[in-house]
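Working notes for the structure below.
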Amino acid sequence: MLKEGDFIKREVVIYSFKEQLLNAITHWLGFLLGIVGLVFLIIFGVRNKSVVQIVGFSIYGGCLIFLYLSSAIYHSIPNEKFKRVLRVFDHCSIFIFIGGTYTPIILLSLDGIMRIIMLSFIWLVCIVGIVFKIITLGKFSKFDKLSLGIYLGLGWISIFMMKSIYNTTSLEFIFWLVLGGLLYSIGAIFYANKKIPYNHAIWHVFVLLASVAHFVGILEAYALV
């Protein structure tokens with residue numbers, strides 16, 4: 001039988017103090033930047049008198065903040081029993097963030113039935129991913145590579161919408177969109193390679209840079225119109 005102490009060890013990754021400090025700092029920074037970014041987007045949405053922008057930006061910003069807050073708290077709390085629960089939020093928040101990032105892009109670049117289909121599909125996959133994380137509680141390490149593959153695959157689905165996105169935005173937005181995807185993908189290499197010193201903190205930095213790239217793209221393509 002798996003004892004509670006063993007369960008906790010399986011659920012919580014042990015980092016050195018310096019590693020954990022960097023893990024926390026990088027995503028507390030992301031949390032603060034997320035709040036500032038959300039405020040800016042809402043201001044522009046109100047200025048543009050666009051309900052769709054306000055809704056899309058709010059969902060995007062809220063999911064962005066939730067991702068960084070979940071991660072920052074998880075890496076800041078020393079109590080391993082709490083970390084066991086917080087790790088679930090940390091992992092589930094990735095799916096929520098992916099769905100949140102897609103939301104304003106789909107709402108503002110697609111229309112009609114295609115908008116409904118793509119938005120429903122993305123969020124359905126994200127919900128399935130969240131349920132998967134919950135039912136595999138205690139086995140995160142076993143399914144780590146599978147989860148990473150799902151994250152990346154879901155993120156790169158945007159390729160199939162690229163033509164519609166380009167028609168309503170610009171080549172510059174496509175640049176920011178692809179750059180963000182590449183940064184996430186490169187960061188995933190460090191995340192998967194546990195032998196690299198400070199690999200998780202490096203992953204956090206790439207996530208931060210990638211989300212900044214996507215934010216800049218969304219700001220320029222949809223808010224500054």
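Every residue, even glycine, has its Cβ placed from backbone N, Cα and C.
Over in TrEMBL, the protein carries these features:
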type	residues	note
BINDING	His75, His200, His204	Zn(2+) binding site
TRANSMEM	21-45	transmembrane segment
TRANSMEM	51-76	transmembrane segment
TRANSMEM	88-110	transmembrane segment
TRANSMEM	116-136	transmembrane segment
TRANSMEM	148-167	transmembrane segment
TRANSMEM	173-192	transmembrane segment
TRANSMEM	201-224	transmembrane segment
Same chain, |i - j| six or more, Cβ under 8 Å of His204 (Zn(2+) binding site); the result in sequence order is Leu22, Asn23, Thr26, His27, Gly30, Ser71
Ranked by Cβ pairs within a distance under 8 Å of the transmembrane segment (173-192), the first of 51-76, 88-110, 116-136, 148-167, 201-224 is 201-224
Best-packed against the transmembrane segment (148-167), counting Cβ pairs under 8 Å over 21-45, 51-76, 88-110, 116-136, 201-224, is stretch 88-110
Beyond a gap of at least 6 residues from its ends, the CB atoms lying under 8 Å from the transmembrane segment (51-76) belong to 15, 20, 23-24, 27-28, 30-31, 34-35, 37-38, 41-42, 44-45, 83, 86-87, 89-90, 92-94, 96-97, 99-101, 103-104, 107-108, 204, 211, 215, 218, 222-223
By a 10 Å Cβ neighbour count, the lowest-scoring of the binding-site residues His75, His200 is His200
- [ ] Determine whether the transmembrane segment (21-45) and the transmembrane segment (201-224) share at least three Cβ pairs under 8 Å, counting only pairs 6 or more apart in sequence.
- [x] yes
According to DSSP, His200 (Zn(2+) binding site) sits in helix
Other than His75, His200, His204, the chain contributes near Zn(2+) (Cβ within 8 Å of their centroid) the residues Tyr15, Glu19, Gln20, Leu22, Asn23, Ala24, Thr26, His27, Ser71, Ala201, Trp203
